[in-house]
Structures are given as C-alpha cells and as structure tokens.
Amino acid sequence: MARLVLGLVSCTFFLAVSALYSSSDDVIELTPSNFNREVIQSDSLWLVEFYAPWCGHCQRLTPEWKKAASALKDVVKVGAVNADKHQSLGGQYGVQGFPTIKIFGANKNKPEDYQGGRTGEAIVDAALSALRQLVKDRLGGRSGGYSSGKQGRGDSSSKKDVVELTDDTFDKNVLDSEDVWMVEFYAPWCGHCKNLEPEWAAAATEVKEQTKGKVKLAAVDATVNQVLASRYGIKGFPTIKIFQKGESPVDYDGGRTRSDIVSRALDLFSDNAPPPELLEIINEDIAKKTCEEHQLCVVAVLPHILDTGATGRNSYLEVLLKLADKYKKKMWGWLWTEAGAQYELENALGIGGFGYPAMAAINARKMKFALLKGSFSEQGINEFLRELSFGRGSTAPVGGGSFPNITPREPWDGKDGELPVEDDIDLSDVELDDLEKDEL
C-alpha cells in the first residue's frame, strides 16, 4: 500500500514538473521538429529558455517567463525548449546548465547568452534592448545573418563550425588531413544553397561536438574558387562531397536536413573511429570523467580474480571490447571493476544481489541507471544495450542521488590471483594444558 501511495505521489510530481508550459500560455514550446522553422528561418527576435522540468530554478522562473511572454506578445517571440527531453537542441547550443536563456537576433546561428535578472520586468527590458539593436542594424544595412549574400556565410557562427575553404587552403586542410570532411560546394545566388545553410550550420555544430572534431563540415564558394569546382566536376549547386584519407571523394546523396546530415556524419565517424577504451576503475577521476563526458557509461563488475583466473577474466573483457566496438557509434563510456573492489558503487547500483559478473549503464546527467538482468553473455548484453539505444528498459535513481565514492586501487596486473600467505605461528612454547584452560 505504501508503495502504491509513493507511486501515485511520484506520478503526480512528474506530471507537475513536466508541464511547465502549456498551449494556453504565450510561451511557444520548441522542439527539434519545429525549431528551425520557427526560430532559425524567422525574421523575428526570439528569447528562448532551455530548461529541465525537474530543475528548481526553472520552476521558479516559469511564472516570470510567462509574464514576459504575455507582455512581449506580437513584439518579440518567447519560446522554451525542454532540453532534458530534447538534448540534441541543448547540445547544439552548448547548454550545460538550467535554465539557460539565449537571444536569437539578426544572426540566428549565433545567439547571445542572456545574463540579466530572472524577473519578468528584467526579461522584457533585455528583449526591448535587443530589439532596438536589431532595428538599428537593419537601418545600417547590417543584417548579420548567415544568408546575407556572398559574404554572409563567413560572418556568422558557421565561421567557427563550418570551415570556409578556398583554392589555396583546400589541400592542406582536407587532403592532408586524417579527419573525415563533408564539403558543400555552393553558389551565393542559389536558392537551394540558401535553404541548406541553416541545416548545414546546425549539423556542423552537432557533428563537431559528437565526433570531437574528427568529422568536419566545410563550404566552398564554387563561383569564386573555380579551380576546386573544375577539379571535382561541380556542375550544380549545392553539391556535397565526402573526403576520406587515401580514398577518392564520393558524392553525398542523403537528405538535406540537420538530422540527415548528422546521421551520415556519425556513420562516417563510426566507420573510421577506433573502438572506445575499456577502462578499469582504479580512481575517482577515471570513473567520473568517463561517465560525465558520455551520454551513458557502461559499468561491468567482474568476478574476483581468484574465482576466474586471468583466462576467465580476459574472456569477459574480450566480450566487452567486442560490444564496445559494435556500439561505438553511440559514443558511450566503458568501465569495469572487480567484485568487491568498489563497494559503494555496487551498492549505489544495486549490483551483487544476482551474483557476478554484473552490469549497469549509468546516465550521470540524470543520475539514473539501468541494470542488466539477463545473462552476462554477448547475446544477453547485446539485447540489454539494444534496448538502451532505443530508449527502452526500466531505470532507477542512483543510490544516494549522486555519484558514489570511488576507492583508489592498483590496476590489475594481468596475472592470476594468489591466495594470501598465512603466517606460520610457532607453537613450540605453548603448553596444551594452557590451551585447554583458555578454552574453558
């Protein structure tokens, strides 16, 4: 009965915090499916809050944000992104904490961070100030946009994430590089190129973050850099080509949306990337860094070395390495430890009750984990990871609500374990009569 009441309370709490905004508010709910259309392609000034429903600061900001949206209605657009649900949008704009507020002005691909007060009045003042600046820029002929003609591409945030290439810089940057390059050949007057620009810029940012710069997106003005256009037979715009070290360039014939481009880039990355490292948990830095820098970290707790020997342990590690390679496109972190070596970690993840080996996958951002309940085999682990990759499977909060303490220890030396040597006790001076008296 207590569990039922607790479950109802939890559900009520979840519904409350997940509904910070509704369709009846003047705050426009933004998602990956409408963000580009509503914000990036809009001529309006936008204030966008990136929030998480469980965030206390976000909950306190909500009434003030609604108040500002009502006051600015038909003057400035006010939106909100559930960045906990739509992590791709948050990642695209470098959101690392909640709430984060960004102002999308003339240059939609280079929003400014809002650092003002959290009251409705302060938000409105900042919006009107940004609006005045936008109007002044337009009067002065400075659109600041990514698509502002022949020079517009180089003046936007794409200058950082979309690499502008020329006849002089192409070979050094692309052909001499170990990285994978996706290069768009465009003409400034081309309508299809203009439509592609925001998608290409958004994809460049996401790909850069997800591949750690190993896949790069670039652009070449083919009307200016005619040597390159001739070399690669560019006859229509836009033309996108993929360049990989030691291979002939191939045409990209996929979709023109951000998600299509990112998906292809990640495929290229996984095809060329080495398998992720499988690290032993020997200190807190390794454990926390691996989990905090990846969407998920997979933690395996293997039997004690005395139970398996080096051969048995290595067979487990081989299975883990094989699966790490199979799922490398996910860019998860991979960790392992020995049973009993990290008691607090095991306790926080509820590991040990089913015996060893055991496995859990941790989302350090949400402090939740999923536990492998099937067999610790290649097939069993693969089914577990496949469910996780589709966002399925049951999860639970990490015990204690924070990352558990890690006990420093020496790394495994790759050898069989040895039983501790018992000290020989000299009993020659001990009289048996005395022992009998002690026992009594």
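These residue numbers are counts, starting from 1, taken along the chain as shown.
Just so it is clear, glycine is given a Cβ too, placed from its N, Cα and C backbone atoms.
Recorded disulfide link (Swiss-Prot): Cys190 to Cys193, out of the candidates Cys193, Cys291. The motif 'Prevents secretion from ER' annotation in Swiss-Prot falls on one of the ranges 97-100, 105-108, 113-116, 437-440, namely 437-440. In Swiss-Prot, Cys58 is paired through a disulphide bond with Cys55, chosen from Cys11, Cys55. Of the listed residues (Ser44, Ser70, Ser129), Swiss-Prot tags Ser129 with phosphoserine; the rest carry no such note in the record, though that does not show they lack it. Candidates Ser375, Ser389, Ser428 were compared with Swiss-Prot; the annotation phosphoserine appears at Ser428. By the criterion of other Cβ atoms within 10 Å of the residue's own Cβ, the least surrounded of the recorded positions Cys55, Cys58, Ser129, Cys190 is Ser129. If you take the Cα of Ser129 (phosphoserine) and the Cα of Cys55 (active site, nucleophile), they are about 28 angstrom apart, rounded to a whole number. Counting only residues at least six positions away in the same chain, the Cβ atoms of Glu184, Tyr186, Ala187, Phe237, Pro238 sit under 8 Å from the Cβ of Cys193 (active site, nucleophile). In the predicted model, the domain 'Thioredoxin 2' (151-287) shows an average pLDDT of 89.
With respect to their backbone Cα atoms, Cys190 (active site, nucleophile) and Cys55 (active site, nucleophile) stand 44 Å from each other.
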